[in-house]
Amino acid sequence: MESATSLISEKQCECAHPNSDSAVQGSSLRWSIAAIESLLDLPFSDLIFQAQTVHRQYHDANAVQLSTLISVKTGGCSEDCAYCPQAARYHTGVENQAILSREEVVAAATQAKESGATRFCMGAAWRGPKQRDIEYMTEVISAVKALGMETCATLGILKPGQATQLKQAGLDYYNHNLDTAPEFYGEIITTREYQDRLDTLEEVRGANINVCCGGIVGLGESRMARAGLIAQLANLDPYPESVPINYLVQVEGTPLYGTPELDPFEFVRTIAAARITMPKAMVRLSAGRRQMPEAIQALCFLAGANSIFYGDKLLTTGNPDTEKDLALFEKLGLHAL
């Protein structure tokens, strides 16, 4: 069997039927890039019908989890991710901020819970945590966990043993996105290798932490590259329990500012492909919702998205306010998990 953290090629595997046992088990490579391209090429209504059918087999079709994301350390990152306003080398207006205190994080988590969120995510802008950062994070994770919330952290590249410390503190999920397909990755990031990301996912799995791993669409990638991203995710063994799909938020000062915007229906197609290929996962409608019409968000839910980030800010970019989200839920007959 291939390693769960080896890169796949287009001809390595063929598509399993989405309703078959082999499509659910994470025991072997299941989805080729060509097979996922075939999904993305389907007539829109056929693709959405297939995704909704799979979604209803494994999830409450009208339930959406509310997650809140906070930046515990903002700005000054040494990486060169072309989409990120927190990279120190870009002039985006994002100022470096001192790491939040434990009390500030707990206060934010408490407010999120009172607003209806059940999941609290903490992100930090650095290449990877030092030991003192891990010690800080274990304190805040334990404190947030004590509130009865599901916890997630996105802290960059992990060294051996760090994931175990986070697990012992009560961390439920670790987020480390692949961002895009390996073939397109070098166009977006040069300061870390694709394999670095896969190695961190291996550390997370080894510590028995749930994996939160997805990507960004609208980076200027081709449809084949979007299929390649979904193939990489779906063929992890097992595939991630949580799959955030982000629509690029263009920030002035980053290299990707001014990139032609992706057709939003292509974003919906990507959500549908994620749902079909990873039927048990939470598919998270993540960054970019503020620029989406309500009708497009509704189509994303129909395509199998069952989580949103809730609150007026995602790290450093805007997000729909909570009242708008609750009003949309009422229109669509959705309820919070």
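Using the three backbone atoms N, Cα and C, a Cβ is placed for every residue, glycine included.
Cys152 is the residue from Cys152, Cys300 that Swiss-Prot records in the [2Fe-2S] cluster site together with Cys121, Cys212, Arg284.
Computed over the domain 'Radical SAM core' (62-289), the whole-number mean pLDDT of the model equals 94. The two recorded residues Cys152 ([2Fe-2S] cluster binding site) and Cys77 ([4Fe-4S] cluster binding site) have their Cα atoms spaced 20 Å from each other.
Cβ environment of Cys77 ([4Fe-4S] cluster binding site): Cys84, Gln86, Ala87, Ala88, Ala125, Trp126, Arg127 lie under 8 Å away, each six or more residues apart in the same chain. The candidate set comprises the binding-site residues Cys84, Cys121. Of these, Cys121 has the most other Cβ atoms within 10 Å. Listed in chain order, the residues near the [4Fe-4S] cluster site other than Cys77, Cys81, Cys84 are Glu79, Asp80, Tyr83, Pro85, Gln86, Ala87, Ala125, each with its Cβ within 8 Å of the site Cβ centroid. Apart from Cys121, Cys152, Cys212, Arg284, the [2Fe-2S] cluster site neighbourhood in this chain, defined by C-beta within 8 angstroms of the site C-beta centre, holds Ser67, Leu69, Arg119, Thr154, Tyr173, Asn175, Ser242, Pro244. Taking each Cβ in turn and tallying the other Cβ atoms within 10 Å, the top scorer among the binding-site residues Cys81, Cys152, Cys212 is Cys212.
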